[in-house]
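Colleague: Have a look at this one before I ask anything.
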Amino acid sequence: MITARLRKMHPDFPFLFTIVLPALLMCAFVFLYPAVLAVRASIFSRSGLSFNHYSHLLSDNLFFRSLLRTFLFAGISVSIEFVLGFVIAILLAAELRGRSFFRAALLIPWVLPPAVMGFAWRWIFYEEYGIVNDLLTRLDIIETTIPFLADPRWAFGTLVFADVWKTAPFVGIILLAGLTVIPRDLYEAAAVDGAGVIRRFFLVTLPMLAPYILTALLFRLVHTLGIFDLVWVLTGGGPSSSTEMVSLYITKETFAFLNIGYGAALSVTMFAIVLLIAATVSFLSMRRF
């Protein structure tokens, strides 16, 4: 029945489905097969079916601390990225000379591999020979170097800064795409009604950008909650586990301590949390638009 409806809506559906089928099979092999193995490993042990891993998870304070830390990191990073993204989008939407160049240049941080970027930031924030400490010392702002990556009070903020630098331009590009399709007639009508710049932003810009905001929000939340490579290269989860996200905790339990079953249970639980968040955002988006 569903196939008949799709064929009626699009006569070329069988041909299009044939083209997409290899990609679907590849995704099923790459994603579904490991997912099934993870679920199986999380609920089966040598004695048979068991939910001991999940019961242990509920009393694992280290997991909940890393989960809270991950949500905190995601909340702070995504909030700053959207504020800067709005600024970037508004500036690039203006009639400025060379804006095409700046639009392309802003994507450079996004396309850089996180591992490469992590090593670069380690060098920049290095305590003894880092550029930041050297500059602050030369300007007589500090007398002693700041251990950005070795002090828990600085490491978390440094990690947020690196993630924002990488992703804020990408969020700005998404919002810019929304700004370019807003009809100018709406701004003119709002101006005729006496709306100022700020009021026009809340009455016209923000509602029209809502689909793009939700798209960027969904993308960033899913990516940030599963962040691994940048944290691993930049801080390794330290110092004193101050930057240990859930992904690093799962990796440590699975590969360092060889708790395969428990690591699988952690992975399945985190996947369910991310899936629930993504489904909620998608539902709100579909209901609103």
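Placed from the backbone N, Cα and C atoms, the Cβ positions cover glycine too.
Automated prediction, rather than curation, is the source of TrEMBL annotations.
When I checked TrEMBL for this same protein, it listed these features:
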TRANSMEM  12-36  transmembrane segment
DOMAIN    67-281  domain 'ABC transmembrane type-1'
TRANSMEM  71-94  transmembrane segment
TRANSMEM  101-124  transmembrane segment
TRANSMEM  164-182  transmembrane segment
TRANSMEM  209-235  transmembrane segment
TRANSMEM  255-284  transmembrane segment
Colleague: Is the transmembrane segment (71-94) in contact with the transmembrane segment (164-182), using at least 3 Cβ pairs under 8 Å (sequence separation of 6 or more) as the test?
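Modeller: As far as Cβ distances go (cut-off 8 Å, pairs 6 or more apart), the transmembrane segment (164-182) and the transmembrane segment (71-94) touch.
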Colleague: Between the stretches 71-94, 101-124, 209-235, which one has more Cβ pairs under 8 Å with the transmembrane segment (255-284) than any other?
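Modeller: Between the stretches 71-94, 101-124, 209-235, 209-235 has the largest tally.
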